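*Asks:* For 397-851, the entry in TrEMBL reads domain 'GPI ethanolamine phosphate transferase 1 C-terminal'. Positions annotated as transmembrane segment by TrEMBL: 408-430, 450-467, 473-490, 511-531, 537-553, 560-578, 649-668, 697-713, 754-774, 794-815, 827-847, 859-879 (among others).
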Amino acid sequence: MLLYITLGLLVHFVFFASIFDIYFTSPLVHGMTPQFTPLPPPAKRLMLFVADGLRADKLYELDEDGNSRAPFVRNIIMNEGTWGISHTRVPTESRPGHVAMIAGFYEDVSAVAKGDLRSHIFTESYDASSEDFGAHDVTKLDTWVFDHVKEFFHAARNNQSLFSKVNEDKIVFFLHLLGIDTNGHAHRPSSREYSDNIKLVDKELKEIESTVKDFYGNDGKTAFIFTADHGMTDWGSHGAGHPLETCSPFIAWGAGIRLPQKVSAQKFDDSYLQEWKLENWKRQDINQADVAPLMAALIGVPFPLNSVGIIPVDMLNTSDLFKAESMFTNAVQILEQFKVKMTQKKEATLSFLFTPFKSLSDTKQANILRKARYYIKQKKYDEAVSLCRQLIHLALRGLAYYHTYDRFFLAFNVVLGFVGWTSYASLLIIKSHCNLMRGVSTEAKNPSRLLPCAFGAVGVSVTFFLLIQACPWTYYIYCLLPLPIWYAVLREIPVIQGFVTLLSTFPPRRFLGYLLLFILGVEVLVLSFFYRYMLTAGLVALAAWPFITALWTRAKSISLSWIFFCLLLAVFPLMPVVGRQPDIFLVVGAGLLVLLLSLFVVTSVIKRKDSFINEELVLHLLQMLSIVFSMCVVYSTHNSLLKKQGLPLLNQIVSWTILASSFVMPLLSPPVLFDRLFSILVSSMSTYLLLSTGYEALFPLVLSCLMFVWIHMEQETLQHSVVSCKQKVSTIQFACNTDAAQCRDLCLDDIRRAFFLVFFLVTAFFGTGNIASVNSFDPSSVYCFLTVFSPFKMGALIMWKILIPFVLVMCAFEAVQVTTQLSSKSLFLMVINISDIMALHFFFLIKDYGSWLDIGTSISHYVIVMSMTIFMVFLNCLAQMLTTRKLSLCGRPKSHVI
């Protein structure tokens, strides 16, 4: 079993990593010649202001009184410069945004992480602890930046060395303003704090512009750009592709920037212009990567080598010759990338297999460049600009073509491995529990010797094919991994034959009915990733389960409980995503419900005449006390942050103590099924309350109630099964080895149980919000533990909040395995198979076209399903530990048997 789990994990890690080789490979190429505009630039220096997390609508719109939140910026739009929306790409995070603006390409994480700071870059920043979501006034993050810039210019007047450096040409001043983003996370973009921060930045912008102009003697050689790295959702988060996240403001003015243009009509699909009262001032939208070539042209530096941005020449206030030369330089710079990429791919591919990008042949490249140069000489600048723009679009298409050249080849091999693994896992289950090998001759059981020889020959051929093409080492894994998997499948030909024979005895209509039901169930799971209400539909369908079986007549009270909790849980997917409507009183209410339930359990413990009643009673009282502490901490922390008094130290200590104790408390409870599961629930709830902001605090409680009923329902299904005796749930104990004496043949109910587990896991994941997108993560969930920005700690806490419902479901599944007396290995393999079928479904749904919201969502769905499959192995181990291990209070050994 351990060997199989290890191999399974390895295979799934390969499948998981394949997505990064297929869709997330580095866009960077090397060996290009730097290109720059061969004319004097309009500016000597440039100031780039990036307001982190600033939404375009919040900057441009008028407030309720009809006044602008940013009067200085609005004055620039109407009298001094040009404006528009900068469209970002996913992930809408700070570092990718900065890379796109400054380097002109959309970040590959592994490549950007290798960057360095050279000696001619001067940086100054505040300590990370200053980014405190619970601070009284986080606008100090921005005033710190502006104050230090003013001090910098003041110091330069009295420092000759610094003065000479600042007066050099081709200088960029980069000001990163983090206050707006921090206020957005802490208070939401609709808050007064967010709006006040915009007003402060606007006021400081005016002062900085005045300071810079005075320092340089109003020489008119400074260009200014004000933009944002990303936007923010209404609920204060970002990372995905929602328009509120991808639409950031862009304003440019100063040297080389065109003055405002008044127009009578503009063609945009949105209604922003009317809402912002800016319909008469020409709006010019750009892609975020276009900022890099614009800045390069303004100050006369070479265009970034890997930039895919297109210079917005309509924003330039320069001669037509400068615009044409800049666009020509831009075209040559992108064409250089295309040539290098094509050469690399051609050299690494066999000549008879290489398929070039036919839309941009060598002849066509030369003709377009020659024609563009001719237009420039003939002073036909508009024609030259248009032709260069056409060449850029062709080169970008060619770059994308060669970047994804091996995509189909890799995807085919991954799918081949997926199908092979799923088939092999299914055969293992059938072979172990269906007794299909009875009566099969020894010769039939032993595969032909030709089989390993044939697969060995194929493996050598594939290796040689990859070797002569100098393919990366990962290609060998993706191409060779399916071979041993399919070899293992074909070794089980007798099992396949026996299974086909068994199916032939099954009534066709019944078989088709079960198959269609299974397909429908999988499709519901897949659709639930896109539409949460599909979980509601699924739970309503599950509520009808007792009516289509004998359970309704045999166990009416349990069936009614099943129906009630299924319908109650079905309400949660219809609720708003967590974090968008916080309500601390619902969190306290959930705590009170847990306390009431605990009091009921304590009462039943007191009534029992058990020799260890004191130890069990103390444990229950300690867990109830932790629930009370959690409620108090949540309430007091909420009030403290509302008053902007920060996170109290005592609350922080209590929160971390409760978190640590929640891992130990369940291990002190008796290993009796009900007692242990209830202890796990109460301990988990004490932590979950601290991580909750609204109705989601009720979710684990309702989910656990349904899990308790599920265990009883499965126990009832054994009434007419092959199992001779049926224990009472109250007497069943978790055992360290559930497989030792429990082995029976599979039945259709086991497939249903595996499907139920996958459905409940998906419900646990999406029940309180579509966290398939990064923007659903709400940092306010961790404010009881810390408010100072710490991505790793916050990420770990949010991840544990996500995993708590998973753990509850997996622990209940452990109980189901014990009550149904089936090998945990077989049930678990069925669960993995269903998950793999879903993953293969999402693999085919991955797209790299359409809106960035669609692209990011399609990729994240596959990553989530694969992560869930891998995590299930670890969650299964964690659930086994929580349910089977036993610690004794005060070090007393366990000495009783129930």
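Cβ atoms are placed via backbone N, Cα and C, with glycine included.
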*Asks:* Considering every residue in the domain 'GPI ethanolamine phosphate transferase 1 C-terminal' (397-851), what is the mean pLDDT value?
*Replies:* 84
*Asks:* Between the transmembrane segment (827-847) and the transmembrane segment (511-531), do 3 or more CB pairs sit under 8 angstroms, pairs being 6 or more residues apart?
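*Replies:* Contact between the transmembrane segment (511-531) and the transmembrane segment (827-847): present.
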*Asks:* Determine which residues of the chain contact the transmembrane segment (649-668) at the Cβ level, with the cut-off under 8 Å and only residues 6 or more beyond its ends counted.
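*Replies:* For the transmembrane segment (649-668), the list is 615, 619, 622-623, 626, 629-630, 633, 636-637, 640, 676, 679-680, 682-684, 686-687, 690, 784-786, 800, 882, 885-889.
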*Asks:* I'd like to know if the transmembrane segment (473-490) touches the transmembrane segment (537-553) in this structure, counting it as a touch only when three or more C-beta pairs sit under 8 Å and are separated by 6 or more positions.
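*Replies:* No, since the transmembrane segment (537-553) and the transmembrane segment (473-490) share fewer than 3 Cβ pairs closer than 8 Å, they do not count as touching.
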*Asks:* Near the transmembrane segment (859-879), which same-chain residues lie under 8 Å Cβ to Cβ, leaving out any that are not at least 6 residues past its ends?
*Replies:* 5, 8-9, 12-13, 15-16, 19, 23, 240, 529, 761, 765, 772-774, 803, 806-807, 810-811, 813-814, 824, 828, 831-832, 835-836, 838-839, 842-843, 845-846
